[in-house]
Amino acid sequence: MGIFTEAKWEADPTLPGRSNRRGGSYWYYLPDRLTTLQVSISPQLSEEIAAVERRVLGLAQADGITELEDLSRFLLRSEAIASSQIEGIAPAAKQVALAEIGEAEDIRGISDAAKLVARNMTVVREASDRLARSQSVTVTDLEQLQRALLGAEHPAVGIRTVQNWVGTSNYHPIPIGAEYVPPAPGLVPNLLEDLLSYLNGATHGPLVQAALVHAQFESIHPFVDGNGRVGRALIHTVLTRRGLTSSRLLPVSLVLATFREQYVAALNDLRFEGSPESPENARRIAEWIKLFSRAVDEAVTQAEDLRAQLLLLAEQWRGQLEAFRAANNYTRALRSDSGVARILGRLAGTPVLTVKTASQIYGLSVQNASEALTQLADAGIFFTRSIARGTTAFIANEVLDLVTLSERQPASTQFDTRVSKPVRQVPRFPRS
């Protein structure tokens, strides 16, 4: 699906370590253009893809989904955490939720990793919302995603102008012997132009298009940092632009994190030298599309399970609140437009709140927000924790526990760590 081209690395006597000072040859990869790529899919694989696409559409139309307005935000949080885990960034769900609040309030004790994942939520949300609704996706849009992830002042922001590579450590900062060397920087603009032309069109079906866009973006590696997370966010851009998903994300990264070795191997298998019309090229592309399609299929299953568990939680919360109000002689029925009802209805998406954030999100006065949060805490739905001088966090531990369990359960190849051991790092079982 491309060609390897030899390049020279100049020796640098200023680098530490004799092996790092050496110069020599390395080979960068130039992928074929997507706009002219021939894709051959067997009838069997075509039927599999069609079945998965029907499942994705069915998820958005499932009964009961409207009862949880913020299932999409719950899935967004899970997706951002899982995508970051693939890059070795793995903060706890509670830290991520606090980091979300920390974007608007001064909160102590938030780790840098949690802040990075919170920013990744912004990237995934932008990719599945703003970019999906744009007339066309541009290079500027891609740069804005990376800027949202890394921060505007990060030195790596923007399309790279230097050679990068994958698979060497900080102790060996040269491309010689790297696992993968992307195209030379001078080739990146034209490759991105081709990628975006393909992304903005409809040459192939949604799943095939999403698979190829993601793989091509990873092969181009247009940034110095943030390629993996932005590349996985583009999966949601394609699926939403093509009408498969709407406001609800699929936890695709949750599945890819489990099959990380197969995922990376399948991407690497696409990077070989051969004719675009060769049977070997067709086979490798089909294998990648098959793996991607099955990952999306499993992501639908995970989303269905999470939806069912969140609906059960919502029913449990309503029961708790009714019992609390009855025991404490609340004579008036709870109004659907009250602060308590509004917060409870969206608890899956906002499991950590302060009076300030609740007031902003739900359009409540500070007094009404405080009274609503206090009532939900008294009912045992929220737990409280001091997070700054004069600031209390109201935390729905059951939602955060479910986020943690949603990370753990798919971490085995049988998608249940109770049945088979996890194949990747997972968070500890929640204790709350």
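Using the three backbone atoms N, Cα and C, a Cβ is placed for every residue, glycine included.
Since the structure is predicted, the reported quantities are computational estimates derived from the model, not experimental observations.
What TrEMBL lists as active site is His221. What TrEMBL records for Asp225, Gly226, Asn227, Gly228, Arg229, Val230, Gly231, Arg232 is ATP binding site. Among the features that TrEMBL reports, domain 'Fido' is placed at 137-291. If you look up TrEMBL, you'll see Asn120 marked as N-linked glycosylation site.
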Open item on the list: Sequence gap of 6 or more, Cβ distance under 8 Å: name the residues on the same chain that satisfy this around Arg229 (ATP binding site), in order along the sequence.
Closed with: Ser83, Ser84, Glu87, Asn120, Val123, Leu149
- [ ] With a 10 Å radius around each C-beta, find which of these recorded positions (Asn120, Asn227) has the fewest other C-beta atoms nearby.
- [x] Asn227
Open item on the list: Using the CB centroid of Asp225, Gly226, Asn227, Gly228, Arg229, Val230, Gly231, Arg232 as the ATP site centre, which other residues of the same chain sit with their CB within 8 A?
Closed with: Glu87, Gln146, Leu149, Phe223, Ala233
Open item on the list: Counting across all protein chains present, how many other Cβ atoms fall within 10 Å of the Cβ of His221 (active site)?
Closed with: 20
TODO: Sorry to bug you, but what's the C-alpha spacing from His221 (active site) to Gly228 (ATP binding site), rounded to the closest Å?
DONE: 8
Open item on the list: Within its own chain, what residues at least 6 apart in sequence put their Cβ under 8 Å from the Cβ of Gly226 (ATP binding site), listed in sequence order?
Closed with: Gln146, Leu149, Leu150, Ala156
Open item on the list: Using the alpha carbons only, what distance in Å do you get between Gly231 (ATP binding site) and the residue listed as 'active site' once rounded?
Closed with: 9
Task: Greatest C-beta neighbour count within 10 angstroms, which of the binding-site residues Gly228, Gly231 - done: Gly231
Open item on the list: Can you give me the same-chain residues 6 or more apart in sequence from Arg232 (ATP binding site) with a CB-CB distance under 8 Å?
Closed with: Ser83, Ile86, His214, Val252, Ser253, Leu256
Open item on the list: Can you tell me how many other Cβ atoms are located within 10 Å of the Cβ belonging to Val230 (ATP binding site)?
Closed with: 25
